[in-house]
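Swiss-Prot annotations:
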- H43: active site, proton acceptor (ACT_SITE)
- E70: active site, proton acceptor (ACT_SITE)
- H191: active site, proton donor (ACT_SITE)
- N7, R18, G192, G213, H214: 3-amino-2-oxopropyl phosphate binding site (BINDING)
- D9, H10, R45, H50, T100: 1-deoxy-D-xylulose 5-phosphate binding site (BINDING)
- E151: site 'Transition state stabilizer' (SITE)
Amino acid sequence: MARLGVNIDHVATLRQARGGTEPDPVAAAAIAEFAGADGITIHLREDRRHIQDRDLKILRQTVQTRLNLEMAATDEMVAIALAVKPEACTLVPEKRAELTTEGGLDVRIHQEALKVAIEKLQAGGIIVSLFIDPDPDQIKVANKIGADYIEIHTGSFAEAKSWKEEELELIKIENAVKLARKLDLGVNAGHGLSYSNVKKVAAIGGIEEFNIGHSIMSRAILVGLDRAVRDMSELVRYA
């Protein structure tokens, strides 16, 4: 049965829009856990556009399930992760001009720097995942440099313009899962997943955790966060 990791970045985005203290992502994380989330995911960006250092520190003290920190593989972020010690870190690409993470890491190009970051984080007892496209070459290099997990970037599937394109993207994801499992890599998935499409990916099998944020927070505005998390959790677990 797959797990649901709830990304609460958008709660912080709303707070930062007015520069105040509400809504508090710490409170949102607690509600998500009460509703059945198996973990909480946050992205501490270098520009601190949404999640703040304060959020990370308090969440480390309050999260009762698992805390997954998305981060760039920089010296600053590695040092922060080692000080706070989330259960897991997901290394992601980061561009200051992007609205959200636009694609997977190019592990082949950055493998030396990523290997150093992975080794430091693992030495601190942290599970390390790499956010990558469902590309066999990227998966093989992720395994080569010692990652514990990959998180498959599902954005191309979510943005497919036709049924045929969607099917082709699903095949890529399925093949990526099979290869990662063959290499003894754990597999997570995320980006662009919603109430209308997540079951198609979950039905593939072999994916341990789905990290979902925007779709849950969008529904939460209409039905409340508790209900939104429960609905998504049911889709993920019983696909």
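Cβ coordinates are placed from backbone N, Cα and C, and glycine is handled just like the others.
Feature annotations (Swiss-Prot) mapped to structure.
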residue: N7; record: 3-amino-2-oxopropyl phosphate binding site; DSSP (3 states): strand
residue: R18; record: 3-amino-2-oxopropyl phosphate binding site; DSSP (3 states): helix
residue: R45; record: 1-deoxy-D-xylulose 5-phosphate binding site; DSSP (3 states): coil
residue: H50; record: 1-deoxy-D-xylulose 5-phosphate binding site; DSSP (3 states): coil
residue: E70; record: active site, proton acceptor; DSSP (3 states): strand
residue: E151; record: site 'Transition state stabilizer'; DSSP (3 states): strand
residue: H191; record: active site, proton donor; DSSP (3 states): coil
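Of all the recorded positions listed (D9, E70, E151), E151 sits in the most crowded Cβ setting, with the most other Cβ atoms within 10 Å.
Figure note: comparing Cβ neighbours within 10 Å for the recorded positions H10, R45, H50, H191, H214, the maximum is reached by H191. Across the structure, H43 (active site, proton acceptor) and H50 (1-deoxy-D-xylulose 5-phosphate binding site) are spaced 8 Å apart at their Cα atoms. Counting every protein chain shown, the number of other Cβ atoms lying within 10 Å of the Cβ of G192 (3-amino-2-oxopropyl phosphate binding site) is 18.
On a Cα basis, G192 (3-amino-2-oxopropyl phosphate binding site) lies 14 Å away from D9 (1-deoxy-D-xylulose 5-phosphate binding site). Geometry remark: H214 (3-amino-2-oxopropyl phosphate binding site) versus H10 (1-deoxy-D-xylulose 5-phosphate binding site), CA distance 7 Å. Proximity note: of the listed recorded positions (H10, R18, R45, H50, H191, G213), R45 have a CA within 10 Å of the CA of E70 (active site, proton acceptor), given in sequence order. Counting only residues at least six positions away in the same chain, the Cβ atoms of T41, I42, H43, G190, N211, I212, G213, H214, I216 sit under 8 Å from the Cβ of N7 (3-amino-2-oxopropyl phosphate binding site). Among the recorded positions R18, H43, the residue whose Cβ has the fewest other Cβ atoms within 10 Å is R18. For the pair H10 (1-deoxy-D-xylulose 5-phosphate binding site) and R18 (3-amino-2-oxopropyl phosphate binding site), the Cα-Cα distance reads 13 Å. Neighbour density for G213 (3-amino-2-oxopropyl phosphate binding site): within 10 A of its CB lie 22 other CB atoms from the protein chains shown. Among the recorded positions listed (R45, H50, E151, H191), H50 has its Cα nearest to the Cα of R18 (3-amino-2-oxopropyl phosphate binding site). The separation of H50 (1-deoxy-D-xylulose 5-phosphate binding site) from the residue listed as 'active site, proton donor', Cα to Cα, is 17 Å.
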